[in-house]
Structures are given as C-alpha cells and as structure tokens.
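Enquirer: Take a look at the following structure, please.
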Amino acid sequence: MIQFEHVTKRYGERLALDDVSWRMNEGERVCLLGHSAAGKTTLLRLITHETQPTSGTVAIGTLRGGRLSRAHRALLRRTIGVIYEDFRLLGDRSVFENVALAVRISGHFADSDVIPRTLRALEEVGLHGKQAALPGELSFGERQRCAIARAIVNRPAILLADEPTGALEPRSAAEVLALLGRIQQEGAAVLLGTTRPEVDDAFGGRRIVLEDGRLREGGAPEHAFMPLPAAQASQAPHAAPPAPPAPHTGGA
Amino acid sequence: MIQFEHVTKRYGERLALDDVSWRMNEGERVCLLGHSAAGKTTLLRLITHETQPTSGTVAIGTLRGGRLSRAHRALLRRTIGVIYEDFRLLGDRSVFENVALAVRISGHFADSDVIPRTLRALEEVGLHGKQAALPGELSFGERQRCAIARAIVNRPAILLADEPTGALEPRSAAEVLALLGRIQQEGAAVLLGTTRPEVDDAFGGRRIVLEDGRLREGGAPEHAFMPLPAAQASQAPHAAPPAPPAPHTGGA
Amino acid sequence: MHLFFWREAWRSFQAHRGLALTTVFSLAAALALAGVFLLVSWNAGQALHWIGDRREMIVYLNDDAGEAQVQALQAKIGELYGTSTFVSRAQAWEEFTTQVGDPEILKAVGTNPLPASLRVRLRPALQNFPAMSECAKQLEQFPEVEAVRFGGEWVQRLDALNAGARRAAVAVGLIVALAMVFVLHNTLRLAVLARRQQVEIMIKLGASDGFVATPFVFEALLETLAAAAVALLLVFGLQQALAQRLDGVTFLPLEWIAAFVGGALVLAWIASAAALGRILRTVGA
Amino acid sequence: MHLFFWREAWRSFQAHRGLALTTVFSLAAALALAGVFLLVSWNAGQALHWIGDRREMIVYLNDDAGEAQVQALQAKIGELYGTSTFVSRAQAWEEFTTQVGDPEILKAVGTNPLPASLRVRLRPALQNFPAMSECAKQLEQFPEVEAVRFGGEWVQRLDALNAGARRAAVAVGLIVALAMVFVLHNTLRLAVLARRQQVEIMIKLGASDGFVATPFVFEALLETLAAAAVALLLVFGLQQALAQRLDGVTFLPLEWIAAFVGGALVLAWIASAAALGRILRTVGA
Ligand SMILES: Nc1ncnc2c1ncn2[C@@H]1O[C@H](COP(=O)(O)OP(=O)(O)OP(=O)(O)O)[C@@H](O)[C@H]1O
Ligand SMILES: Nc1ncnc2c1ncn2[C@@H]1O[C@H](COP(=O)(O)OP(=O)(O)OP(=O)(O)O)[C@@H](O)[C@H]1O
Ligand SMILES: [Mg+2]
Ligand SMILES: [Mg+2]
C-alpha cells in the first residue's frame, strides 16, 4: 500500500531522510518513533505528496513515483486522513464547519450525510459540545481533538497521525489512541508518528524508528528515549551542571 | 508578585476559571498541572492581561487589577516571557529575527547587544545551527525551541511556560526543563503549565492543580493523570469495548 | 453543488466583513472613476454631435430663379444632401442688419444687394470637410445656383478638434481602463492573499482547484456587483448635480450601463481567477 | 532607532514582495487617475485663460478726434484698463472687406462708412461681465469716444461656461480625490490585514503601538512614493502623446507635481495610520 524505495530527502544542505526503504500494508498498524527533527513529519509529507523525494520512489496504492499532477495529488489526499502536528484548522470557521469541510471535499458522501457524519466524528473525539466554537476559542487540547475529528471523519483508507496526543493529558491520550486503534481495526492503515516511547507502547503495532533521518525497523527504544529523570527536590539546585544541552538539530 | 484574588473567568456560558485565588512569589518555581481544557492557558492569559477576569482581581507586581492602559499592558508584557503552547512565531522572519525582535521590543539592551544575546539564547536551546531558517522550515520540536529561546532571551522577571515540552522527546524535554530550572535559579519566577504529571515531576517546584477551572494547591495527581495503559499486543483487538470516550470539554 | 458555493461565498463575505467591505469600497472607487469618465465621454460626444448639427452650407441663388425652380432644387437637395430652408432676399437683409448692428453703415448701403439663399443642413455622414467640399462642387453645377459657401476652414478646424478630442478620449479611456483593471486585480489579489492560509489548508485536504477557487470567484463577482451599483449611484449623483448647472448633461444610456456592469464583472472574473491561479500554483505544492 | 524602522520597512517590503508590488500597482493606478484629472484640469485652465485673453472691447472714435487726442486717450486707457491698439478707418474697411467676403455687397456700399477705433485688451481682473460693462460706461464719458462695444452676451456666456466648467471640475475632482483616498486607504488596509497575525504577535511580545505601526507607516510611505513616481511617469507619457496631436497641451507645473506627491504622501500617512490604529485596537486585547 505504502512503499518507500531508497528515499532520500534533502532540504538544501540538510539531509532529512537518508536512503529510507520500508513498506506498509493495507490495514496495518505502524508506529513511527523518532526524536525531534528525526524526519518523521518529512516522511509523512512524502506520503501525502506535499513534498517530493530528492531521490528514490514513494508509491501509494496504485499511484507510483514521479510528480503527480495537481488533480492526482488532490485525489490521493482525499483518500488519506492526516492529523497535523500543528493542526492546521481554518481559524475563521467553527469546529463543525472545519470537520464538515473535509466531508464535503471528499465528495464521497451525499449532502444529507454531511451533518450526521460530522456530528458523529465530533462525538468520537468528545467535542460535540464545542461544535459552534472557532478554533481560537478552544483550548490547545480541544484543537487537537478537532484536528483528529477532521482526519477520521471520512474513514480514510490511510490515516497519518503526527503526534496526535501531544496536547493531551494521559487519560485523553489513551482514549485517542484507543480510537485510532479502533479505526485501524475497521480496516484503515494507521501510521502514527511520535517522539514519545510511552505513546508507542500504548498504541502498539509494528514499530519503526527514525534516527537522524535513518530508519531502524523494530529497534528497541534507544537511549534518547529514556523516561524523564526522577522528580527533583522542589526548588533544590540542579544536580547537573548548567552545560548547554547537546543540540539535536545539526548533523547532515 | 503574582496574586489572584477570587478570580472567575467566563467565556460566554463556559466557566473557564472558578473563584481561583493563589499567589506566587518572586523567583518561585511553580508547576500548574491540569487536564486539557482545565483552564491553564486562561490563567496564563490573565497574567499577561491578554484577557480580563469576569470577576476578582489579578495583580502582577505593582500593577494591580482593573483594565490597564495599552501602554501599561505593553510595559507589563515586556517584563514577562511567555512560551505559547502554539508558539506564535512570525512565519515571515527567520529564527534569528524572531528571537532578536523580542530583544528589540524589550528596549532593555543596546543595539550592539542584540546579536550576541540572540545567539546565546539560540545556543541555549540548541538552535544555533538553524538561525537562518524560517519557522515553516523547522520541525515541530525545533519550532518549540525557537519559542523557548524567544521567551528567555530577555531573562524576564517572570517566565510563563505553557506546555513547553509538548513537541519534544523525553531527552530534549529534560534538557529544556533543566534550562528553565536554571533560569529560575538565576532569579526569575517560573510558572510552568502542563497536562503531564511526568513533566511536573521532572520540573519540581510547588505544584498547583487545576481541575475544570477550580484550583487545588499541592494536590496529589488525580486519576486523570494515571500513566498510559501498558502496551497492547501488536494488532490485537482491543480489550475495551469501543465506547465513545468520555468528553472532557463540557460542564460549565 | 452550486448552492454550496454560493453559501460559501456568502459565509466568507460575512466572516470577513471588514475585508469584504474594504474590497467593495476600493472597487467602487475605481469603478466610479471609470463611470465618471464614461459620463464625461458620453456628454462630450453629445455636445460634439450638437455642434456638428450646426454645420450648414449656404447656397446662394441666382436672382432670376423662380419659385418653382427653387422648390424643385430644394426637393433634389433633400434627396441627395439633407434638409434645406429658404432664405429670401428680405430675410437676408434683416439678418445682415442685426449682424452688423451699426445703423450708420446700413444707411450708407442704401439698397439691398443680398441674394436669396438656401441653408442646407447636411446629413451626418456628409458633415466633414472632404464630403462638404464635394457637395459644394456638385451644387454649383445647378443653373439656379450662383455660388455655394460653407465655413471651409472652420469645418476643417472642427474636424481636427473632433479627431483630437476622440484621440484624447481614447488615450484617457485607456489609462482609466488600465487603472481600473489594476485596482480590480490587485484588490482581489490582496483579498485572496489575506486568505492564503485557508487556500493552503483546503489544498492539503485534497480539494480540487475548482473547489477552492469557485467560492472566491463567486465572492469577487458579488463584491464587484455591489461595487458597480455603488459606483453607478455616485455617477448618477454627479450627473444630477451637474445637470442643475450645465444644461443638457444627461445620464448614461442603458446600453452603456449594461456594458459597464458587464465589463466590470468580466474583469472581476478574470482578475480573481488569475489571482487564485497564481496562489494555487505557489501554495499547492 | 529610525534606522531600525527603515530597515524593518525595507525587510517587510522584500519579504512580501508580491503584496508590496500589488499595493504599489493599485496605488499607482489610483494616483495615475488623479494625475490625469490634474493634467486635464491644468490644460483646460490654460485654454480658458487663453480664450479669456481674446476678450476685448472696441472703442469707436469720433471722426473729428485728432491723433494727439487719440494718443492721450490710449495713455489713459493703458493706465486704467489695459493695452489698446489703434485701428484706422482704412484698416477697419479692410477687415470688413475680408469679413463679408462678398465683393458684390461692397461694391454697393461705395464709400467707407466705418469709424476708427481702439481695440482694448483688458487686464485679467476686468475680464468678466460686470467689470466690462462698468468700463464701457466709463469710456463712453470721454469726448473722443463715439461708442463702446463688447460682446456683452458672448462675455456673459463665457463667464457662465467658465463658472460651469469650474463647478464641474470641482465636482469631478472631489470624486477623483475621494476615490483616491478610498483606494489608498483600502489598499493599505488590505496590506495591513494580510499581516494581521504579525501585528498580533508583536503586541503579545509587549511592543508599543508606535513600535508596531512605524515600520508599516514607513512602508506605506515608500510604496506611495513609488506609486506616485509611476503615476507621474504615466501622466507624462499621456501628455507627450497628446501634445503631438493637440497643440499646447503642457505638463503639470512643478508646484502642482509637488502638491500631488505631497498630498499622496499625507493621505498615505493618514490612511495607513488609521488602518493600523483600527487593527491595533481590535487585535491588541
Ligand atoms: N521546509 C523545510 N526546509 C528546510 N528544512 C526543513 C524543512 N522541513 C523540515 N526541515 C528540516 O528537516 C529535518 C526533519 O524535519 P521533520 O519536520 O521531518 O522532523 P520531525 O521528525 O517531524 O520532528 P518533530 O518531532 O520536531 O516534528 C529538521 O532538521 C528540519 O529542520
Ligand atoms: N476565547 C475563548 N472563547 C470561548 N471559550 C474559550 C476561549 N478560550 C478558552 N475557552 C474555553 O475555556 C476552557 C479552558 O481553556 P484553556 O485554554 O484555558 O484550557 P487549558 O487548560 O489551557 O487546556 P489545554 O491543555 O488543552 O491547552 C476550554 O473549555 C475552552 O474551550
Ligand atoms: Mg514533526
Ligand atoms: Mg492550554
């Protein structure tokens, strides 16, 4: 269904993905674990064809490689649901309209279906009480729920979730992960990108690990993903010397 | 330094903060824990006077209550550093310019100081290699670092951090928390809002807990903040029935 | 589906009322200027036409031409050149008297030396210098005609003025039209730019170009229609004010109004589609 | 600190080149229209002035007035009313001959009945109907003067035309100015609206209103300056094109250009400051 073959992606000097090859089957559940700036979002953007690989091929279903036409890209995106890390909600439309717009754009459903579908999706993420609010009137977590509702409302064949629980407290996060799991069991392929090993653990599924743009399938969580250090005594001076933190960003 | 007295904040019907009273001293380290939509961001916005309480008074330093003039509000904000949950970076300026702008706005530093100060802040968050990039060319975690750099570059007397590690993997998160701790030890009051008990644990400091707009000082983490359920067997059907998750959003 | 697009356009108009009103005002201003230009052109054209009506040719008759002969000549002239009026010798003397104005001079003249004449108002097609001199030549062939006079130089000058004015009108009109196209295009472009993010997100959701663009174009058309109405009202107000001071200033005829509104809508269509096309190309990676 | 603001303005101009160019084009279009109006007004004014120059008064002299007396009269007229030229009886007859054009009539007249006269070109201040009739009355008191004639009705009509044209110019000019203000204001408003988020963030960072607004205003002034230059170039091109067809079409004088550019800058200042003020009030909670 999704197949990367020796995909390399450069942004100018910066090597974001380095010779990545992997595949994902229909209806599979995959968790993409990687530290910040590892290249997770870049990988997802290659799937939606928001960006082109510098070399290698990306094949999605029957659409394979090369530059797709604008119409084909639009078609592809209508079969994919994406939860963006920065949500990308329309600030001038209510929560309901944001979700309903995705239903309308998909074109799969009759006009009379739009309202019930939208309401069901909002209910699934627990936002039905907020349907009239504008995104700017939501808490950050509520905005994320709205983004999730928009991604799942069409029950896409592929669901890409980029840190979908980043703004949620543990309990809500667990609920969202359960929802995504349910959608996968209904037949969708779900690819979840996250920096947090505990999300990976809770979500389950096959794990692939990105590290500085290189892929390590099924790898054990590395040192970078150790849990946070234990609670420090309140107001106590820090044990660690105030050395600047090691950057995670450079290194092409 | 910061003092809330019987502060209530309504958004229309919605009660976001309900009779909240608390205070924070100069140089104190406080962690504000609360589930999504509990009212954390609302509380922080009351401190920066981006919004007005429906009733009660908010006093910051010598500026006490009521509607401040535009000039006074600007003055107040120049003494506070805020890490916004949604970053609020200027999309058309480079990372360097985003941070340098805060230095220029503060007006505290000579023109010749702007460049070295900015560079130091970028180094502190590990972004010095990305100073020329636009926010749109950063990974989500890098954007959060940029937002942090902008908030700390002026070494403000008060630092408000709204989920400052939401986009970071555990190791980077620990580094950022250490950085915030260092800034607190240099004399700033640091108020950190988060939905994640483990962040609270790692940051230390006095804990106050918000629950549906009501304040519980020093409370133990409640059931909502239990760690995520353990890893589920890959691809296995869910144990829990697919009941819709309980909403966390309604309930004025 | 059309209903959806209209609803979207209306929603956008309401949600961004400030933006929409700003756009309408800008467009109305530009269109009002174009309308003022049209009003001036229309009335100048009318005035020139009216002046042209005054161009006439005087056919002096032989003193021995009888009444029947003159009438036959008039019939022939009516057929070939235009309407004519007969001026007898007595009438000519009277006119001369008022023209000179000084009774002393007239006393000195004594008898009436003036011939009878026909004043010919030529058909519009013949009201230019080359045609008029040709007519004059032909008329002089008639036996009843002593001589033919028309203000040759004056007609030539009027022709030149007419041509000059027309060229000036074309030049100014071109500038006005270009300026209007620019303001229209740029205003709509700014309005679209202000909603660039929205376009970007819709494209990410898989919307086709048509789906994204149609409500914008509809909105632009609505705004232009409103602006054209405002502009016409302004121009009408101007015409009413002018008509009180300057006789004969009339409002644009219906066809001009229709052409004006239609032109504005076509321009708005093209401008907004072009602006969107550009944004869609740059945004929709 | 001023340097910083200019740098900011320039940076913004570059970062949003599309937006900035769009703004400049819109402004240039609006300003070009205003410039065309100024050009037309200026040249119409010149033309009316030139026609006004032709207004003269004819003072018929008694046949018995000697040369010395006439010269004394001319000196007095020069002092009080304007320059005069002497037309002898012979010259008057010659002119009459060419005017009438028909030798038959002249033969009938025989002797020259025409008096000598003075053609008086009045000072500009006196070139209107009330002043002219007053002058005529005064001149008729002189013993050397037989009669005074001036095209009373014609002068009255010219006065009316002049006043009408001036009123029309004021009306059209008002519309043009208003339209320009609207386009200017709205274009800058749209440009600011497109950067609303930026304003919002700067306010959240504690920037004073002046800090936020100054670069915008600077940028608006830069853009208006560029637009005014483009507009003047266009108007100059139009003038050059017209001058080839219509004699005597001249470009705007320096003072008008300065007033035009200065007016545009002042308007831009006010418009952008107003637009920003509004945005600052709504955004900066
Ligand atoms: N448009 C771009 N132009 C230039 N560099 C980019 C662009 N997008 C991403 N990058 C760089 O590519 C690298 C990978 O970015 P990416 O967004 O894929 O990381 P990520 O794994 O999603 O990180 P995060 O968890 O922080 O979101 C980063 O170093 C980033 O700076
Ligand atoms: N401008 C607004 N208008 C209306 N309601 C609002 C507005 N801002 C916040 N709310 C509501 O107030 C409640 C508290 O919001 P707040 O942003 O303070 O939550 P939070 O604790 O920061 O949550 P999160 O962790 O998700 O960011 C939410 O229910 C939210 O929907
Ligand atoms: Mg990412
Ligand atoms: Mg919040």
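Cβ atoms are placed via backbone N, Cα and C, with glycine included.
What TrEMBL records for this protein is below:
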DOMAIN    C:56-148  domain 'FtsX extracellular'
DOMAIN    C:171-281  domain 'ABC3 transporter permease C-terminal'
TRANSMEM  C:20-40  transmembrane segment
TRANSMEM  C:168-192  transmembrane segment
TRANSMEM  C:212-236  transmembrane segment
TRANSMEM  C:256-280  transmembrane segment
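In the displayed structure, how are the listed features positioned relative to their neighbours?
Expert: Across the domain 'FtsX extracellular' (C:56-148), mean pLDDT in this model comes to 78.
For the transmembrane segment (C:168-192), the list of distant contacts is 19-20, 23, 26-27, 29-31, 33-34, 37, 41, 44, 199, 216, 220, 224, 264, 267-268, 271-272, 274-276, 278-279: same-chain residues at least six beyond its ends, Cβ to Cβ under 8 Å.
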Enquirer: For the transmembrane segment (C:212-236), give me same-chain residues lying six or more residues beyond its boundaries with a C-beta closer than 8 angstroms to one of its C-beta atoms, as numbers and ranges.
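Expert: Contacts with the transmembrane segment (C:212-236): 5-6, 8-10, 12-13, 20, 23-32, 34-36, 38-39, 184, 188, 191-192, 195, 199, 202-203, 251-252, 257, 260-261, 264-265, 267-269, 271-273, 276-277, 280.
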Enquirer: Do any residues, 6 or more residues outside the transmembrane segment (C:256-280), come within under 8 Å Cβ-to-Cβ of it, and if so which ones?
Expert: 27, 31, 34-35, 38, 42, 180-181, 184-185, 188-189, 192-193, 196, 199, 203, 209, 212-213, 216-217, 220-221, 223-225, 227-228, 232
Enquirer: So what's near the transmembrane segment (C:20-40) in sequence-distant terms, Cβ-Cβ under 8 Å and 6+ beyond its ends?
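Expert: Tertiary neighbours of the transmembrane segment (C:20-40) are 12-14, 172-173, 176-177, 179-180, 183-184, 187-188, 190-191, 219, 223-224, 226-228, 230-232, 234-235, 238-239, 251-252, 256, 260, 264, 268.
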Enquirer: DSSP helix, strand and coil counts for the domain 'FtsX extracellular' (C:56-148)?
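Expert: Tallying H, G and I as helix, E and B as strand, the rest coil: 48 helix, 22 strand, 23 coil.
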